[in-house]
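TrEMBL has this to say about the protein:
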- 43-48, 260-266, 285-289: GTP binding site (BINDING)
- Ser47, Thr266: Mg(2+) binding site (BINDING)
Amino acid sequence: MGTCASAESAAAAAASKDIDKQLKAEMKAIEQNIKLLLLGAGETGKSTVLKQIKLIHGTGYSDEDRAAYKVTVLTNVITSVKTLLHAMDTLKIPFGFDPTSATIEETRDNPLPPPSPFLTVEKMDDGDAQYHTSYCEESEDDIGVGGGGGGGSSCNRQKKEAVEGQLQHKDDSVARAAASAYKILLESETLHTGPVAQAAEVVNTSAIGVIAGKLIPKEVADAISVIWKDIGVQYCFRRFLNDLCRICNESFVPTDQDILNSRIMTTTITETRFKIEGIIFRVFDVGGQRSERKKWAPYFDDINAIIYLVAINSYDQICFEDNSTNRTDYFPTYEGPNDYDNGSEYFATRFLSLNKYEKKIYVHFTWATDTKQIKTVLAIVNQIILRSNLVEAGL
Ligand SMILES: Nc1nc2c(ncn2[C@@H]2O[C@H](COP(=O)(O)OP(=O)(O)OP(=O)(O)O)[C@@H](O)[C@H]2O)c(=O)[nH]1
Ligand SMILES: [Mg+2]
């Protein structure tokens with residue numbers, strides 16, 4: 001009896017000690033805060049992940065935030081149309097070009113280029129590496145410009161992007177037919193005539209920025225509308241401007257998805273604090289362009305985790321910084337087929353093989369603009385960080 005009672009009290013004392021330790025660890029975490037650093041090259045989705053954390057764990061966006069983002073979205077629309085018009089000339093696609101009039105025999109035989117989900121790699125203090133793929137989960141919202149567009153899934157979107165990528169393949173027969181039509185019109189000096197070419201002139205000569213409180217000028221909005229209806233322009237780049245009418249309307253207020261899709265290059269390091277399960281997370285978002293990277297160094301002190309983002313669709317894009325350097329160049333050691341599964345596996349393996357100090361690295365394939373997928377990734381990240389805190393505290 002006496003033995004039993006003393007065993008019980010020993011167990012109770014041990015349990016109480018554990019609780020004390022846990023409370024102490026949690027208090028320590030609260031005191032210290034959890035410092036999370038978002039790193040990665042330019043346009044890899046760092047600020048987008050921060051926006052998602054704000055939506056998931058913060059208070060969301062106020063009316064003032066939305067008014068500021070309205071300026072960004074409207075400016076992004078004008079910039080995108082200018083980019084699109086530039087692409088028409090670069091890819092040699094004339095206005096009015098109908099891709100269905102060209103034979104697609106060769107394109108059908110070409111392998112599809114890999115779609116473009118983004119890869120995130122988390123570095124932890126020690127231990128194993130892990131993968132998490134949220135790439136093909138169903139998504140509630142489809143993404144158009146501003147993403148207000150209806151239905152569909154991430155998988156459908158990826159297939160759509162892959163098909164669009166194929167349409168732009170420089171060797172396919174549709175692209176050759178477009179270039180040939182472009183050449184004929186150029187030689188006959190009729191390439192830049194007609195209503196769509198006039199609308200292009202209006203957009204190209206308009207100012208890029210939209211001032212706070214103002215709308216896109218009516219003549220520019222009308223010109224964008226004319227450009228967007230052109231079948232050749234649709235062929236050139238059909239996914240960005242589906243929501244033009246909504247965005248150009250006076251009553252336009254950016255939705256959460258508009259905000260996630262909008263783009264401002266980060267040039268000032270920001271710190272944002274969130275309380276998740278009682279613990280304060282301090283998230284640092286840095287600029288990824290080359291000139292910004294020298295500002296990263298002081299932020300490595302005392303951090304609990306790095307979320308390193310990589311855009312795995314950027315392997316064939318050039319750097320914003322100098323407009324010529326390939327962002328990732330090709331990988332001569334890659335011998336696998338040109339498909340998503342093998343390509344993404346290869347990227348993950350390359351990153352993991354750089355782990356010289358046996359740090360814990362977790363790899364997630366995800367879409368930074370998809371709140372549902374980022375929610376899953378963040379929940380895993382939080383669990384990992386909190387777990388490693390308890391391990392540190394000896395629990
Ligand atoms: N399709 C797609 N677009 C994304 C994804 N992540 C980010 N984007 C878009 O890419 C653009 C750039 O994303 P940002 O979050 O601003 O990139 P960043 O890494 O903060 O860039 P810097 O501030 O220049 O370092 C934005 O328009 C985003 O909406 C993704 O996973 N998929
Ligand atoms: Mg940024």
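Residue numbering: from 1, along the chain as shown.
Cβ coordinates come from backbone N, Cα and C, glycine included.
Note that TrEMBL annotation is computational and uncurated.
Where TrEMBL records a feature, it is marked here on the structure.
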{"residue": "Lys46", "record": "GTP binding site", "contacts (Cβ under 8 Å, 6+ apart)": "Leu38, Leu39, Gly40, Thr266, Asp285, Val286, Gly288, Ile307, Leu309"}
{"residue": "Ser47", "record": "Mg(2+) binding site", "contacts (Cβ under 8 Å, 6+ apart)": "Leu38, Ile264, Thr266, Asp285"}
{"residue": "Arg263", "record": "GTP binding site", "contacts (Cβ under 8 Å, 6+ apart)": "Glu43, Thr72, Asn76"}
{"residue": "Gly287", "record": "GTP binding site", "contacts (Cβ under 8 Å, 6+ apart)": "Gly42, Met265, Thr266, Thr267, Thr268, Ile269, Arg293, Lys295"}
Out of Leu260, Arg263, Thr266, which binding-site residues lie by ligand 2, with a C-beta less than 6 Å from some atom of it? Thr266
Could you tell me which three-state DSSP class Thr266 (GTP binding site) falls into? coil
Could you check the binding-site residues Glu43, Leu260, Thr266 and say which one's CB has the most other CB atoms within 10 Å? Leu260
